[in-house]
């Protein structure tokens with residue numbers, strides 16, 4: 001892959017393109033046809049031959065941060081079933097696994113600030129951004145839509161009437177395109193000499209984030225959720241119907257929230273995730289917080305499909321990406337390490353304090369709903385972690401201890417597709433001796 005994030009002055013770079021496969025920003029000449037992708041090699045960038053001030057320095061910390069997030073994702077996916085403390089929270093509350101998605105969104109925002117440092121042609125940049133978002137969305141449909149049937153199955157294919165429409169990459173694509181358009185079209189041209197100047201320069205982006213947040217809260221707490229019914233296939237019978245009594249407004253419980261209702265109305269319940277996280281809650285599972293048999297008195301909504309990456313919750317995900325964008329602006333406009341770190345630490349601690357205050361007063365942190373308190377808490381944590389990694393790697397130059405994380409960060413999408421989405425195990429499973437059960441995965445104990 002060509003290039004990485006470059007800490008260069010504006011007049012040193014020929015152009016900036018975001019490589020979605022590696023999620024990196026490279027100082028390269030735009031290639032015709034629209035897209036960043038693999039195999040782009042950056043040509044030499046003109047710069048004064050012997051000027052120390054113009055020497056380019058990679059922003060390694062962002063790759064390391066992404067690599068840590070990838071490792072965290074693999075850890076919680078593989079070990080979450082055995083260690084409930086790190087698995088996704090069944091509903092309210094935040095665990096280690098619940099930081100993965102916001103961290104990725106935050107990283108995308110930071111990357112976009114560097115990728116669109118200079119935008120000579122806004123229409124062309126918009127076209128390429130839309131194209132990249134569509135590619136990412138389509139990849140997500142294939143990987144998480146149900147096309148692959150799991151490590152233990154050699155079959156594939158999906159009934160289009162039941163394909164899951166939303167997912168992790170689809171959410172990232174939505175947040176990416178909105179944030180990219182904000183950076184392309186709503187970036188001011190004011191001079192930046194202080195933090196206030198930076199806020200003033202990006203005031204329209206901040207206004208969009210505020211509008212998105214208010215719109216989300218209006219839908220979550222103001223939408224009336226009527227009673228509803230769903231059907232699922234049950235072993236030994238064709239279908240079983242369940243009736244969920246709601247008739248409420250502003251409920252944030254698993255069965256009667258506006259997030260689930262909007263997904264059922266717009267996407268259709270047959271296109272939602274069929275293994276909802278709340279099935280592990282105390283109301284539903286005997287073995288809570290792990291999966292287990294339903295309690296005898298389990299509520300009727302316990303088996304209802306619910307998409308943790310649904311439409312309304314993805315609206316709030318845009319806010320996380322916009323926050324990351326503002327952290328990226330600090331890199332672009334401020335040159336001193338300590339100045340950058342201070343401008344990251346202050347908003348990070350502020351968001352954490354506000355998040356815990358909201359949670360204390362009843363607006364609980366909730367990953368499936370992507371509540372405001374959850375968005376602020378995870379963005380604040382991301383800002384603190386990024387500042388710490390930046391100080392360690394880019395400020396003090398300790399790259400050797402983080403070399404593995406850096407490599408994982410520069411190959412994040414490949415690792416996600418092959419490992420997290422089980423494409424590599426499925427591929428290996430396809431080679432067997434006489435019977436499908438006699439395969440290498442069985443030998444090493446994977447998917448057995």
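Glycine too: its Cβ is placed from the backbone N, Cα and C atoms.
TrEMBL lists 58-181 with the feature domain 'Heparan-alpha-glucosaminide N-acetyltransferase catalytic'.
For 64-87 (among others), the entry in TrEMBL reads transmembrane segment. Distant neighbours of the transmembrane segment (64-87): 23, 95-97, 99-100, 103-104, 107, 280, 289-291, 385-386, 389, 393, 402, 404-410, 412, 415-416, 419-420; these residues of the same chain sit at least 6 beyond its ends, with a Cβ under 8 Å from one of its Cβ atoms.
Counting residues 6+ beyond its ends, the transmembrane segment (99-117) has Cβ neighbours under 8 Å at 5-6, 10, 13, 16-18, 23-25, 59, 62, 65-66, 69, 72-73, 76, 125, 168, 171-172, 175-176, 179-180, 183-184, 187, 309, 317, 320-329, 331-332, 367, 374-375, 378-379, 381-383, 385-386 in the same chain. Sequence annotations record features per position, and here TrEMBL assigns transmembrane segment to 99-117 (among others).
With a cut-off of 8 Å between Cβ atoms, the residues of this chain six or more beyond the transmembrane segment (129-148) that come close are 18, 20, 34-36, 156-158, 162-165, 167-170, 172-174, 176-177, 180-181, 184, 417, 421-423, 426. What TrEMBL lists as transmembrane segment is 129-148 (among others).
Positions annotated as transmembrane segment by TrEMBL: 168-186 (among others).
Among the features that TrEMBL reports, transmembrane segment is placed at 206-224 (among others).
Annotation comment: TrEMBL describes 311-332 (among others) as transmembrane segment.
Per TrEMBL, transmembrane segment is recorded for 344-363 (among others). Packing against the transmembrane segment (344-363) from elsewhere in the chain are residues 323, 326-327, 330, 371-374, 376-377, 379-384, 386-387, 390: each is 6 or more residues past its ends and has a CB under 8 Å from a CB in it.
Feature annotation from TrEMBL assigns transmembrane segment to 369-393 (among others). Same-chain neighbours of the transmembrane segment (369-393): 60-62, 64-65, 68, 94, 98-99, 102-103, 106-107, 110, 213, 216-217, 220, 252, 257, 259, 313-314, 316-317, 319-320, 323-324, 327, 337, 340-341, 344-345, 347-352, 354-356, 358-359, 363, 399, 402, counting only residues six or more beyond its ends whose CB sits under 8 Å from a CB of the stretch.
Here TrEMBL flags 413-433 (among others) as transmembrane segment.
Within the chain, the transmembrane segment (311-332) has long-range Cβ neighbours (under 8 A, six or more residues past its boundaries) at 7, 59, 101-102, 105-114, 117, 166, 170-171, 174-176, 178-179, 182-183, 198, 201-202, 205-206, 208-209, 212-213, 215-216, 219-220, 258-259, 262-263, 266-267, 340, 343-344, 347, 351, 368-372, 375, 378-379, 382-383, 386.
Over the domain 'Heparan-alpha-glucosaminide N-acetyltransferase catalytic' (58-181) the predicted model carries a mean pLDDT of 91. The DSSP breakdown of the domain 'Heparan-alpha-glucosaminide N-acetyltransferase catalytic' (58-181) into helical (H, G, I), extended (E, B) and coil residues amounts to 77 helix, 5 strand, 42 coil.
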